[in-house]
Amino acid sequence: MVDQTTSSVAMAADYQAPTAVKPDLRTRLQNLIPKLVLSPSLALILVFVYGFIIFSVYLSFTGSRILPVYDWVGLENYEKLFRLRHWSIAIKNLGIFAGLYIAICTAIGLSLAIFLDQKIRGEGFLRPIFLYPMALSFIVTGTAWKWFLDPGIGLEHTMHLWGWESFEFDWIKNRDFAIYTVVIAAVWQTSGFVMAMFLAGLRGIDNEILKAAQIDGASNWNMYRRIIIPQLRPAFLSAFVILSHLAIKSYDLVVALTGGGPGRATEVPATFMYSYTFTRNQMGIGASSAVIMLMTIAAIMVPYLYAELREKK
Amino acid sequence: MSVASTDNAINTGRITRAFIYLMLILFATFYLLPFGIMVINSVKPLSEITGGNMMALPQVFTLEPWLKAWNSAQIGVEPTGLKPYFWNSLKMVFPAVAISTVLGALNGYVLTKWRFKGDTILFGLMLFACFIPFQIVLIPMARVLGFLGIAGSTPGLVLVHVVYGLGFTTLYFRNYYQVFPTELIRAAQIDGAGFFRIFWRIMLPSSGPIIVVSVIWQFTNIWNDFLFGASFADLDSQPMTVALNNLVSSSTGVKEYNVHFAGAILAALPTLLVYIVAGRYFVRGLMAGSVKG
(Lines of atoms letter the chains of each structure in order from A and count residues from 1; the text may use other names and numbers.)
(Lines give C-alpha, C1' and ligand atoms only; values in the text may rest on other atoms or scores of the structure.)
Protein backbone atom coordinates (compact mmCIF):
# COMPACT_ATOMS: atom_id res chain seq x y z
CA MET A 1 0.00 0.00 0.00
CA VAL A 2 2.85 2.35 0.79
CA ASP A 3 4.71 1.53 -2.39
CA GLN A 4 2.46 3.66 -4.54
CA THR A 5 3.31 6.85 -2.73
CA THR A 6 6.96 6.59 -3.47
CA SER A 7 6.99 5.18 -6.90
CA SER A 8 5.24 8.39 -7.79
CA VAL A 9 8.00 10.26 -6.01
CA ALA A 10 10.56 8.26 -7.94
CA MET A 11 8.66 8.88 -11.15
CA ALA A 12 8.60 12.56 -10.48
CA ALA A 13 12.36 12.49 -10.60
CA ASP A 14 12.23 10.50 -13.79
CA TYR A 15 12.23 13.28 -16.32
CA GLN A 16 15.99 13.86 -16.21
CA ALA A 17 18.20 12.25 -18.88
CA PRO A 18 16.23 13.08 -21.98
CA THR A 19 17.93 11.04 -24.65
CA ALA A 20 17.86 11.84 -28.31
CA VAL A 21 16.87 8.32 -29.29
CA LYS A 22 13.72 6.97 -27.74
CA PRO A 23 14.89 4.10 -25.48
CA ASP A 24 13.32 0.71 -25.96
CA LEU A 25 11.19 -0.94 -23.33
CA ARG A 26 14.00 -3.00 -21.86
CA THR A 27 16.24 0.01 -21.25
CA ARG A 28 13.38 1.92 -19.75
CA LEU A 29 12.69 -0.96 -17.42
CA GLN A 30 16.36 -1.11 -16.48
CA ASN A 31 16.26 2.58 -15.69
CA LEU A 32 13.30 2.08 -13.44
CA ILE A 33 14.81 -0.67 -11.31
CA PRO A 34 17.08 1.53 -9.16
CA LYS A 35 14.16 3.71 -8.21
CA LEU A 36 12.00 0.71 -7.46
CA VAL A 37 14.71 -0.67 -5.23
CA LEU A 38 14.99 2.58 -3.34
CA SER A 39 11.26 3.06 -2.99
CA PRO A 40 10.44 0.70 -0.07
CA SER A 41 13.03 2.40 2.16
CA LEU A 42 11.89 5.78 1.04
CA ALA A 43 8.27 4.90 1.69
CA LEU A 44 9.16 3.72 5.20
CA ILE A 45 11.04 6.92 5.94
CA LEU A 46 8.38 9.18 4.45
CA VAL A 47 5.59 7.53 6.41
CA PHE A 48 7.30 6.61 9.67
CA VAL A 49 9.44 9.69 10.00
CA TYR A 50 7.96 12.62 8.13
CA GLY A 51 4.34 11.47 8.22
CA PHE A 52 4.67 10.85 11.93
CA ILE A 53 6.29 14.22 12.51
CA ILE A 54 3.36 15.91 10.78
CA PHE A 55 0.94 13.87 12.86
CA SER A 56 2.69 14.78 16.12
CA VAL A 57 2.83 18.43 15.17
CA TYR A 58 -0.88 18.31 14.42
CA LEU A 59 -1.58 16.62 17.77
CA SER A 60 0.27 19.39 19.54
CA PHE A 61 -2.43 21.77 18.31
CA THR A 62 -5.27 19.60 19.61
CA GLY A 63 -6.77 19.00 23.01
CA SER A 64 -5.71 15.31 23.02
CA ARG A 65 -5.45 13.76 26.44
CA ILE A 66 -5.44 9.99 26.86
CA LEU A 67 -6.18 9.36 23.16
CA PRO A 68 -5.72 11.54 20.10
CA VAL A 69 -8.67 13.81 19.36
CA TYR A 70 -8.75 16.17 16.44
CA ASP A 71 -10.21 19.40 17.79
CA TRP A 72 -8.04 22.39 16.94
CA VAL A 73 -7.03 24.40 20.00
CA GLY A 74 -4.34 26.56 18.47
CA LEU A 75 -1.32 27.33 20.57
CA GLU A 76 -2.99 26.47 23.86
CA ASN A 77 -0.73 23.48 24.56
CA TYR A 78 2.40 25.53 23.98
CA GLU A 79 1.14 28.27 26.25
CA LYS A 80 0.37 25.71 28.95
CA LEU A 81 3.71 24.01 28.41
CA PHE A 82 5.74 27.12 28.98
CA ARG A 83 3.75 28.00 32.07
CA LEU A 84 4.48 24.60 33.63
CA ARG A 85 7.15 24.69 36.30
CA HIS A 86 7.84 21.07 35.51
CA TRP A 87 8.82 22.03 31.95
CA SER A 88 10.97 24.97 32.98
CA ILE A 89 12.86 22.64 35.33
CA ALA A 90 13.35 20.23 32.44
CA ILE A 91 14.63 22.99 30.16
CA LYS A 92 16.96 24.37 32.80
CA ASN A 93 18.31 20.89 33.51
CA LEU A 94 18.88 20.26 29.83
CA GLY A 95 20.76 23.55 29.63
CA ILE A 96 23.04 22.65 32.53
CA PHE A 97 23.45 19.09 31.37
CA ALA A 98 24.08 19.82 27.69
CA GLY A 99 26.44 22.71 28.38
CA LEU A 100 28.62 20.82 30.82
CA TYR A 101 28.40 17.55 28.96
CA ILE A 102 29.54 19.06 25.67
CA ALA A 103 32.25 21.19 27.26
CA ILE A 104 33.71 18.44 29.46
CA CYS A 105 33.54 15.74 26.77
CA THR A 106 35.30 18.04 24.33
CA ALA A 107 37.97 19.01 26.85
CA ILE A 108 38.65 15.42 27.94
CA GLY A 109 38.41 14.10 24.41
CA LEU A 110 40.85 16.64 23.03
CA SER A 111 43.32 16.23 25.92
CA LEU A 112 43.33 12.46 25.70
CA ALA A 113 43.74 12.59 21.93
CA ILE A 114 46.70 14.97 22.22
CA PHE A 115 48.25 12.80 24.95
CA LEU A 116 47.80 9.62 22.94
CA ASP A 117 49.33 11.31 19.91
CA GLN A 118 52.75 11.64 21.62
CA LYS A 119 54.14 8.28 20.48
CA ILE A 120 52.75 6.65 23.59
CA ARG A 121 53.78 3.12 24.44
CA GLY A 122 50.67 1.03 24.97
CA GLU A 123 48.40 3.19 22.86
CA GLY A 124 46.81 0.12 21.39
CA PHE A 125 46.06 -1.03 24.91
CA LEU A 126 44.76 2.29 26.27
CA ARG A 127 42.54 3.35 23.40
CA PRO A 128 40.04 0.50 23.72
CA ILE A 129 39.81 1.16 27.47
CA PHE A 130 38.86 4.77 26.83
CA LEU A 131 36.26 3.77 24.30
CA TYR A 132 34.55 0.65 25.63
CA PRO A 133 31.80 2.48 27.58
CA MET A 134 30.44 3.56 24.21
CA ALA A 135 29.50 -0.06 23.53
CA LEU A 136 27.38 -0.27 26.68
CA SER A 137 23.72 0.48 27.05
CA PHE A 138 22.89 3.65 28.98
CA ILE A 139 20.85 1.43 31.29
CA VAL A 140 24.01 -0.50 32.21
CA THR A 141 25.94 2.74 32.67
CA GLY A 142 23.16 4.13 34.82
CA THR A 143 23.09 1.00 36.98
CA ALA A 144 26.84 1.07 37.52
CA TRP A 145 27.00 4.75 38.40
CA LYS A 146 23.84 4.83 40.47
CA TRP A 147 25.44 2.41 42.82
CA PHE A 148 28.96 3.80 42.63
CA LEU A 149 27.66 7.25 43.63
CA ASP A 150 25.25 5.97 46.28
CA PRO A 151 26.59 7.44 49.53
CA GLY A 152 25.36 4.43 51.53
CA ILE A 153 27.46 1.76 49.81
CA GLY A 154 29.43 3.41 47.02
CA LEU A 155 32.30 5.86 46.88
CA GLU A 156 31.45 7.79 50.05
CA HIS A 157 31.06 4.63 52.09
CA THR A 158 34.37 3.29 50.78
CA MET A 159 36.22 6.49 51.64
CA HIS A 160 34.81 6.30 55.16
CA LEU A 161 35.99 2.71 55.50
CA TRP A 162 39.43 3.80 54.34
CA GLY A 163 39.55 6.28 57.20
CA TRP A 164 38.56 9.48 55.42
CA GLU A 165 35.59 10.05 57.72
CA SER A 166 34.69 13.54 56.56
CA PHE A 167 34.50 12.63 52.86
CA GLU A 168 31.11 13.56 51.50
CA PHE A 169 29.72 12.87 48.05
CA ASP A 170 25.96 12.59 48.10
CA TRP A 171 25.16 14.49 44.90
CA ILE A 172 22.92 11.75 43.57
CA LYS A 173 20.62 12.15 46.58
CA ASN A 174 20.84 15.92 46.60
CA ARG A 175 18.27 17.95 44.68
CA ASP A 176 20.70 20.71 43.86
CA PHE A 177 23.49 18.48 42.58
CA ALA A 178 21.80 15.37 41.14
CA ILE A 179 21.89 16.73 37.59
CA TYR A 180 25.69 16.84 37.80
CA THR A 181 25.80 13.10 38.42
CA VAL A 182 24.03 12.65 35.09
CA VAL A 183 26.82 14.73 33.54
CA ILE A 184 29.48 12.52 35.16
CA ALA A 185 27.93 9.30 33.89
CA ALA A 186 27.29 10.69 30.41
CA VAL A 187 30.83 12.03 30.13
CA TRP A 188 32.14 8.65 31.21
CA GLN A 189 30.19 7.00 28.44
CA THR A 190 30.98 9.25 25.47
CA SER A 191 34.22 11.14 26.11
CA GLY A 192 36.25 8.24 24.67
CA PHE A 193 34.32 8.58 21.44
CA VAL A 194 35.17 12.28 21.25
CA MET A 195 38.78 11.30 21.87
CA ALA A 196 38.62 8.99 18.84
CA MET A 197 37.25 11.79 16.67
CA PHE A 198 40.01 14.18 17.67
CA LEU A 199 42.67 11.50 17.34
CA ALA A 200 41.57 10.84 13.78
CA GLY A 201 41.83 14.57 13.14
CA LEU A 202 45.30 14.77 14.67
CA ARG A 203 46.56 11.84 12.62
CA GLY A 204 45.39 13.59 9.49
CA ILE A 205 47.54 16.67 10.06
CA ASP A 206 50.47 17.14 7.73
CA ASN A 207 53.71 16.67 9.63
CA GLU A 208 55.74 18.78 7.21
CA ILE A 209 54.09 21.98 8.40
CA LEU A 210 54.91 21.06 11.97
CA LYS A 211 58.51 20.31 11.14
CA ALA A 212 58.83 23.65 9.38
CA ALA A 213 57.39 25.43 12.40
CA GLN A 214 59.77 23.53 14.63
CA ILE A 215 62.73 24.74 12.61
CA ASP A 216 61.39 28.26 13.04
CA GLY A 217 61.63 27.66 16.77
CA ALA A 218 57.96 27.32 17.64
CA SER A 219 57.32 25.78 21.07
CA ASN A 220 55.07 22.76 21.45
CA TRP A 221 52.44 24.89 23.13
CA ASN A 222 52.44 27.37 20.27
CA MET A 223 52.30 24.66 17.67
CA TYR A 224 49.18 23.23 19.29
CA ARG A 225 47.61 26.61 19.82
CA ARG A 226 48.44 28.16 16.48
CA ILE A 227 48.65 25.28 14.01
CA ILE A 228 47.23 22.00 15.23
CA ILE A 229 44.09 22.91 17.14
CA PRO A 230 42.86 25.36 14.48
CA GLN A 231 43.17 22.53 11.95
CA LEU A 232 40.86 20.37 14.04
CA ARG A 233 37.90 22.61 13.30
CA PRO A 234 35.90 19.92 11.49
CA ALA A 235 36.40 17.54 14.42
CA PHE A 236 35.19 20.20 16.85
CA LEU A 237 32.14 20.80 14.73
CA SER A 238 31.31 17.08 14.42
CA ALA A 239 31.82 16.58 18.15
CA PHE A 240 29.54 19.49 18.95
CA VAL A 241 26.78 18.30 16.66
CA ILE A 242 26.91 14.69 17.82
CA LEU A 243 27.12 15.58 21.50
CA SER A 244 24.34 18.13 21.40
CA HIS A 245 21.96 15.78 19.66
CA LEU A 246 22.83 13.03 22.14
CA ALA A 247 22.23 15.45 25.01
CA ILE A 248 18.80 16.50 23.80
CA LYS A 249 17.81 12.87 23.24
CA SER A 250 19.08 11.69 26.64
CA TYR A 251 16.41 9.56 28.17
CA ASP A 252 17.69 6.11 29.11
CA LEU A 253 20.54 7.38 31.24
CA VAL A 254 18.33 9.66 33.31
CA VAL A 255 15.77 6.90 33.78
CA ALA A 256 18.38 4.40 34.91
CA LEU A 257 20.50 6.74 37.01
CA THR A 258 18.02 8.93 38.86
CA GLY A 259 14.59 8.21 37.42
CA GLY A 260 14.20 11.97 37.07
CA GLY A 261 14.60 12.42 40.82
CA PRO A 262 15.14 13.13 43.58
CA GLY A 263 11.72 14.73 43.22
CA ARG A 264 11.92 16.31 39.79
CA ALA A 265 15.51 17.42 40.19
CA THR A 266 16.82 15.66 37.09
CA GLU A 267 13.78 15.89 34.84
CA VAL A 268 14.76 16.60 31.22
CA PRO A 269 12.56 17.22 28.17
CA ALA A 270 12.78 13.58 27.06
CA THR A 271 11.48 12.27 30.40
CA PHE A 272 8.95 15.10 30.58
CA MET A 273 7.51 14.12 27.22
CA TYR A 274 7.21 10.50 28.21
CA SER A 275 5.52 11.11 31.52
CA TYR A 276 3.08 13.71 30.21
CA THR A 277 2.09 11.60 27.25
CA PHE A 278 1.91 8.14 28.70
CA THR A 279 1.40 8.43 32.44
CA ARG A 280 -0.30 11.77 32.96
CA ASN A 281 -2.48 11.48 29.86
CA GLN A 282 -1.77 14.97 28.60
CA MET A 283 -1.00 13.93 25.05
CA GLY A 284 -1.40 17.41 23.57
CA ILE A 285 1.20 18.85 25.93
CA GLY A 286 3.45 15.82 25.48
CA ALA A 287 3.31 16.27 21.70
CA SER A 288 4.11 19.97 21.96
CA SER A 289 7.17 19.21 24.10
CA ALA A 290 8.31 16.66 21.49
CA VAL A 291 7.91 19.32 18.80
CA ILE A 292 10.14 21.70 20.77
CA MET A 293 12.77 18.95 21.07
CA LEU A 294 12.60 18.26 17.35
CA MET A 295 12.95 21.91 16.46
CA THR A 296 15.98 22.29 18.70
CA ILE A 297 17.70 19.32 17.09
CA ALA A 298 16.69 20.44 13.60
CA ALA A 299 18.21 23.86 14.24
CA ILE A 300 21.56 22.11 14.79
CA MET A 301 21.36 19.16 12.41
CA VAL A 302 19.82 20.65 9.29
CA PRO A 303 22.54 23.26 8.60
CA TYR A 304 25.20 20.68 9.45
CA LEU A 305 23.83 17.98 7.16
CA TYR A 306 23.23 20.54 4.44
CA ALA A 307 26.84 21.66 4.58
CA GLU A 308 28.14 18.09 4.70
CA LEU A 309 26.12 16.93 1.72
CA ARG A 310 26.98 19.97 -0.38
CA GLU A 311 30.68 19.58 0.24
CA LYS A 312 30.63 16.09 -1.17
CA LYS A 313 29.46 17.14 -4.61
CA MET B 1 41.80 8.04 9.27
CA SER B 2 43.20 4.54 9.55
CA VAL B 3 45.94 4.95 6.97
CA ALA B 4 47.57 8.03 8.51
CA SER B 5 50.75 7.22 10.34
CA THR B 6 51.13 7.52 14.07
CA ASP B 7 54.25 9.50 13.42
CA ASN B 8 54.15 12.90 15.03
CA ALA B 9 56.71 15.63 14.71
CA ILE B 10 56.09 16.93 18.23
CA ASN B 11 58.77 16.00 20.75
CA THR B 12 58.17 16.15 24.45
CA GLY B 13 60.51 16.38 27.41
CA ARG B 14 60.80 13.80 30.17
CA ILE B 15 58.70 15.63 32.72
CA THR B 16 55.95 16.27 30.20
CA ARG B 17 55.99 12.63 29.22
CA ALA B 18 55.74 11.52 32.83
CA PHE B 19 52.77 13.83 33.27
CA ILE B 20 51.13 12.49 30.13
CA TYR B 21 51.52 8.87 31.21
CA LEU B 22 50.15 9.73 34.63
CA MET B 23 47.08 11.38 33.12
CA LEU B 24 46.49 8.52 30.72
CA ILE B 25 46.64 5.99 33.56
CA LEU B 26 44.31 8.11 35.70
CA PHE B 27 41.78 8.26 32.90
CA ALA B 28 42.10 4.56 32.19
CA THR B 29 41.24 3.99 35.86
CA PHE B 30 38.28 6.35 35.59
CA TYR B 31 36.90 4.40 32.63
CA LEU B 32 37.55 0.99 34.14
CA LEU B 33 36.44 1.67 37.68
CA PRO B 34 32.62 1.68 37.71
CA PHE B 35 32.29 -1.33 35.46
CA GLY B 36 35.21 -3.18 36.99
CA ILE B 37 33.85 -2.76 40.48
CA MET B 38 30.53 -3.99 39.26
CA VAL B 39 32.20 -7.15 37.99
CA ILE B 40 34.01 -7.71 41.31
CA ASN B 41 30.88 -7.19 43.35
CA SER B 42 28.75 -9.44 41.20
CA VAL B 43 30.55 -12.48 42.62
CA LYS B 44 30.23 -11.47 46.28
CA PRO B 45 27.51 -12.53 48.66
CA LEU B 46 25.15 -9.66 49.48
CA SER B 47 26.38 -9.31 53.06
CA GLU B 48 29.87 -8.52 51.80
CA ILE B 49 28.53 -5.67 49.69
CA THR B 50 26.26 -3.99 52.21
CA GLY B 51 28.65 -4.52 55.09
CA GLY B 52 31.98 -4.28 53.35
CA ASN B 53 34.11 -2.27 51.01
CA MET B 54 33.24 -2.16 47.32
CA MET B 55 36.89 -2.00 46.35
CA ALA B 56 37.77 -5.20 48.24
CA LEU B 57 38.10 -8.46 46.37
CA PRO B 58 35.48 -11.06 47.34
CA GLN B 59 36.28 -13.10 50.44
CA VAL B 60 33.71 -15.69 49.44
CA PHE B 61 33.48 -16.23 45.70
CA THR B 62 30.00 -17.11 44.54
CA LEU B 63 28.26 -17.46 41.20
CA GLU B 64 24.89 -17.46 42.94
CA PRO B 65 24.04 -13.84 41.89
CA TRP B 66 24.73 -14.67 38.24
CA LEU B 67 22.53 -17.74 38.32
CA LYS B 68 19.82 -15.82 40.09
CA ALA B 69 19.96 -12.91 37.65
CA TRP B 70 19.72 -15.33 34.75
CA ASN B 71 17.18 -17.83 36.11
CA SER B 72 15.06 -16.70 38.96
CA ALA B 73 15.29 -13.00 39.80
CA GLN B 74 12.05 -11.11 40.09
CA ILE B 75 11.47 -9.09 36.90
CA GLY B 76 8.29 -7.09 37.19
CA VAL B 77 5.85 -9.61 38.64
CA GLU B 78 7.37 -12.87 37.44
CA PRO B 79 10.40 -14.56 38.98
CA THR B 80 11.80 -15.58 35.61
CA GLY B 81 15.26 -14.06 35.69
CA LEU B 82 16.64 -12.27 32.65
CA LYS B 83 16.84 -15.36 30.47
CA PRO B 84 13.58 -14.94 28.51
CA TYR B 85 14.35 -11.27 27.90
CA PHE B 86 17.78 -12.12 26.61
CA TRP B 87 16.12 -14.30 23.98
CA ASN B 88 13.57 -11.60 23.26
CA SER B 89 16.41 -9.23 22.50
CA LEU B 90 18.12 -11.74 20.24
CA LYS B 91 14.90 -12.50 18.38
CA MET B 92 14.46 -8.78 17.79
CA VAL B 93 18.07 -7.93 16.97
CA PHE B 94 18.88 -10.51 14.29
CA PRO B 95 16.08 -9.79 11.82
CA ALA B 96 16.29 -6.04 12.42
CA VAL B 97 20.04 -5.97 11.76
CA ALA B 98 19.77 -8.19 8.69
CA ILE B 99 16.93 -6.30 7.06
CA SER B 100 18.30 -2.84 7.71
CA THR B 101 21.75 -3.81 6.45
CA VAL B 102 20.42 -5.34 3.22
CA LEU B 103 18.24 -2.30 2.55
CA GLY B 104 21.10 0.02 3.42
CA ALA B 105 23.40 -1.74 0.96
CA LEU B 106 20.86 -1.51 -1.85
CA ASN B 107 20.12 2.14 -1.08
CA GLY B 108 23.80 3.03 -0.97
CA TYR B 109 24.30 1.28 -4.30
CA VAL B 110 21.45 3.16 -5.96
CA LEU B 111 22.44 6.51 -4.47
CA THR B 112 26.01 6.29 -5.72
CA LYS B 113 25.95 4.25 -8.92
CA TRP B 114 22.48 4.89 -10.31
CA ARG B 115 22.15 8.52 -9.52
CA PHE B 116 19.13 10.50 -10.57
CA LYS B 117 17.90 14.00 -10.15
CA GLY B 118 17.08 14.82 -6.56
CA ASP B 119 18.86 11.82 -5.07
CA THR B 120 20.91 13.95 -2.69
CA ILE B 121 17.76 15.49 -1.27
CA LEU B 122 16.27 12.05 -0.75
CA PHE B 123 19.45 10.94 0.98
CA GLY B 124 19.36 14.07 3.14
CA LEU B 125 15.82 13.21 4.16
CA MET B 126 16.89 9.69 5.10
CA LEU B 127 19.90 10.96 6.99
CA PHE B 128 18.01 13.53 9.02
CA ALA B 129 15.72 10.70 10.11
CA CYS B 130 18.62 9.24 12.12
CA PHE B 131 18.89 12.27 14.31
CA ILE B 132 15.29 13.10 15.17
CA PRO B 133 14.37 12.84 18.84
CA PHE B 134 12.30 9.69 18.85
CA GLN B 135 9.79 11.29 21.19
CA ILE B 136 8.31 12.91 18.10
CA VAL B 137 7.28 9.52 16.64
CA LEU B 138 6.22 7.69 19.79
CA ILE B 139 2.54 8.57 19.72
CA PRO B 140 1.82 7.88 16.05
CA MET B 141 4.02 4.77 16.13
CA ALA B 142 2.04 3.31 19.01
CA ARG B 143 -1.14 3.80 16.99
CA VAL B 144 0.23 2.46 13.73
CA LEU B 145 1.65 -0.66 15.39
CA GLY B 146 -1.79 -1.23 16.89
CA PHE B 147 -3.39 -0.69 13.50
CA LEU B 148 -1.03 -3.19 11.85
CA GLY B 149 -1.75 -5.70 14.62
CA ILE B 150 1.87 -5.96 15.73
CA ALA B 151 1.72 -3.78 18.83
CA GLY B 152 3.67 -5.19 21.74
CA SER B 153 5.27 -7.89 19.62
CA THR B 154 8.76 -8.69 18.41
CA PRO B 155 7.85 -8.07 14.73
CA GLY B 156 6.64 -4.63 15.75
CA LEU B 157 9.97 -3.84 17.37
CA VAL B 158 11.83 -5.19 14.36
CA LEU B 159 9.88 -2.84 12.12
CA VAL B 160 10.64 0.12 14.38
CA HIS B 161 14.35 -0.64 14.49
CA VAL B 162 14.59 -1.23 10.75
CA VAL B 163 12.92 2.10 10.01
CA TYR B 164 15.05 4.17 12.36
CA GLY B 165 18.27 2.36 11.51
CA LEU B 166 17.89 2.73 7.73
CA GLY B 167 19.42 6.19 7.63
CA PHE B 168 22.65 5.01 9.19
CA THR B 169 23.03 1.84 7.14
CA THR B 170 22.34 3.81 3.97
CA LEU B 171 24.93 6.38 5.04
CA TYR B 172 27.58 3.70 5.57
CA PHE B 173 27.09 2.00 2.24
CA ARG B 174 26.73 5.27 0.37
CA ASN B 175 30.00 6.62 1.71
CA TYR B 176 31.70 3.31 1.02
CA TYR B 177 30.41 2.89 -2.52
CA GLN B 178 31.11 6.49 -3.38
CA VAL B 179 34.82 5.78 -3.78
CA PHE B 180 34.19 2.54 -5.64
CA PRO B 181 35.29 3.04 -9.28
CA THR B 182 32.22 3.77 -11.37
CA GLU B 183 34.08 2.76 -14.56
CA LEU B 184 33.87 -0.86 -13.44
CA ILE B 185 30.10 -0.56 -13.30
CA ARG B 186 29.93 1.06 -16.73
CA ALA B 187 32.14 -1.64 -18.19
CA ALA B 188 29.94 -4.34 -16.73
CA GLN B 189 26.89 -2.57 -18.10
CA ILE B 190 28.36 -2.53 -21.58
CA ASP B 191 28.93 -6.26 -21.20
CA GLY B 192 25.22 -6.55 -20.59
CA ALA B 193 25.11 -6.96 -16.82
CA GLY B 194 21.98 -5.58 -15.19
CA PHE B 195 21.32 -3.81 -11.92
CA PHE B 196 21.19 -6.83 -9.65
CA ARG B 197 23.93 -8.75 -11.39
CA ILE B 198 26.34 -5.86 -10.90
CA PHE B 199 25.35 -5.54 -7.27
CA TRP B 200 25.71 -9.25 -6.64
CA ARG B 201 28.90 -9.88 -8.63
CA ILE B 202 30.82 -6.61 -8.30
CA MET B 203 29.63 -4.55 -5.34
CA LEU B 204 28.87 -7.19 -2.72
CA PRO B 205 32.12 -9.15 -2.98
CA SER B 206 34.06 -6.02 -2.08
CA SER B 207 31.68 -4.83 0.63
CA GLY B 208 32.98 -7.04 3.45
CA PRO B 209 34.33 -4.35 5.75
CA ILE B 210 31.35 -2.04 5.46
CA ILE B 211 28.93 -4.90 6.04
CA VAL B 212 30.77 -5.63 9.28
CA VAL B 213 30.61 -1.96 10.25
CA SER B 214 26.91 -1.76 9.53
CA VAL B 215 26.07 -5.01 11.31
CA ILE B 216 28.04 -4.05 14.40
CA TRP B 217 26.56 -0.58 14.56
CA GLN B 218 23.02 -1.83 14.18
CA PHE B 219 23.56 -4.69 16.59
CA THR B 220 24.94 -2.39 19.28
CA ASN B 221 22.28 0.26 18.81
CA ILE B 222 19.33 -2.09 18.72
CA TRP B 223 20.56 -4.25 21.56
CA ASN B 224 21.11 -1.16 23.70
CA ASP B 225 17.85 0.54 22.83
CA PHE B 226 15.60 1.28 25.75
CA LEU B 227 13.04 3.86 24.62
CA PHE B 228 11.34 1.77 21.93
CA GLY B 229 11.47 -1.37 24.05
CA ALA B 230 9.90 0.44 26.98
CA SER B 231 7.25 2.03 24.78
CA PHE B 232 6.21 -0.72 22.39
CA ALA B 233 6.97 -4.09 23.99
CA ASP B 234 4.71 -6.44 25.95
CA LEU B 235 5.90 -8.84 28.60
CA ASP B 236 6.64 -11.51 26.02
CA SER B 237 8.66 -9.24 23.75
CA GLN B 238 10.43 -6.97 26.24
CA PRO B 239 14.12 -6.62 25.44
CA MET B 240 16.97 -7.06 27.87
CA THR B 241 17.47 -3.36 28.65
CA VAL B 242 13.89 -2.92 29.78
CA ALA B 243 14.04 -6.06 31.90
CA LEU B 244 17.30 -4.92 33.47
CA ASN B 245 15.76 -1.58 34.35
CA ASN B 246 12.79 -3.38 35.92
CA LEU B 247 15.12 -5.58 37.90
CA VAL B 248 17.27 -2.75 39.17
CA SER B 249 14.55 -0.25 39.94
CA SER B 250 12.03 -2.63 41.51
CA SER B 251 11.30 -1.24 44.93
CA THR B 252 9.97 -4.34 46.65
CA GLY B 253 12.06 -6.32 49.09
CA VAL B 254 15.77 -6.23 49.76
CA LYS B 255 17.92 -4.65 47.06
CA GLU B 256 20.12 -7.49 45.89
CA TYR B 257 22.93 -5.44 44.47
CA ASN B 258 25.02 -8.41 43.46
CA VAL B 259 22.13 -9.76 41.38
CA HIS B 260 21.64 -6.34 39.80
CA PHE B 261 25.31 -6.20 38.84
CA ALA B 262 25.29 -9.68 37.37
CA GLY B 263 22.19 -8.68 35.40
CA ALA B 264 23.80 -5.49 34.15
CA ILE B 265 26.87 -7.40 32.99
CA LEU B 266 24.69 -9.98 31.27
CA ALA B 267 22.95 -7.15 29.43
CA ALA B 268 26.29 -5.64 28.47
CA LEU B 269 27.97 -8.89 27.47
CA PRO B 270 26.87 -9.25 23.83
CA THR B 271 27.84 -5.72 22.82
CA LEU B 272 31.04 -5.86 24.84
CA LEU B 273 32.00 -9.13 23.13
CA VAL B 274 31.37 -7.58 19.75
CA TYR B 275 33.48 -4.61 20.79
CA ILE B 276 36.34 -6.80 21.97
CA VAL B 277 36.29 -8.98 18.85
CA ALA B 278 35.72 -6.24 16.28
CA GLY B 279 36.47 -2.96 18.03
CA ARG B 280 38.15 -1.53 14.96
CA TYR B 281 34.95 -1.75 12.96
CA PHE B 282 32.91 -0.42 15.82
CA VAL B 283 35.04 2.71 15.96
CA ARG B 284 34.81 3.06 12.22
CA GLY B 285 31.03 2.96 12.42
CA LEU B 286 31.03 5.56 15.15
CA MET B 287 33.20 7.86 13.11
CA ALA B 288 31.13 7.45 9.99
CA GLY B 289 28.11 8.23 12.15
CA SER B 290 29.41 11.76 12.41
CA VAL B 291 28.73 11.84 8.66
CA LYS B 292 32.27 12.57 7.49
CA GLY B 293 33.25 9.28 5.89
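Yeah, the Cβs are placed from backbone N, Cα and C, and that goes for glycine too.
Whatever TrEMBL says is automated annotation, not expert-curated.
Under the heading domain 'ABC transmembrane type-1', TrEMBL lists B:86-278.
Only residues 6 or more beyond the boundaries of the transmembrane segment (B:18-40), in the same chain, are considered here, and those with a CB under 8 A from a CB of the stretch are 12, 54-55, 57-58, 261, 264-265, 268. Marked as transmembrane segment by TrEMBL: B:18-40 (among others).
The transmembrane segment annotation in TrEMBL covers B:92-110 (among others). Taking Cβ pairs closer than 8 Å, the transmembrane segment (B:92-110) reaches residues 119, 126, 154, 157-158, 161-162, 165-166, 168-177, 199, 203-204, 207, 211, 214-215, 218-219, 222-223, 237, 239 in its own chain, all 6 or more past its ends.
Annotation comment: TrEMBL describes B:122-145 (among others) as transmembrane segment.
For B:157-177 (among others), the entry in TrEMBL reads transmembrane segment. Nonlocal intrachain contacts for the transmembrane segment (B:157-177), taken as residues 6+ away from its ends with a CB within less than 8 angstroms of a stretch CB, comprise 92, 95-96, 99-101, 103-105, 107-109, 111-113, 123, 126-130, 134, 137, 141, 145, 148, 150, 203, 207, 209-210, 213-214, 217-218, 221-222, 225, 228-229, 232-233, 237, 239, 285, 288-289, 291, 293.
Residues annotated as transmembrane segment in TrEMBL: B:198-219 (among others).
Residues or ranges marked as transmembrane segment in TrEMBL: B:259-283 (among others).
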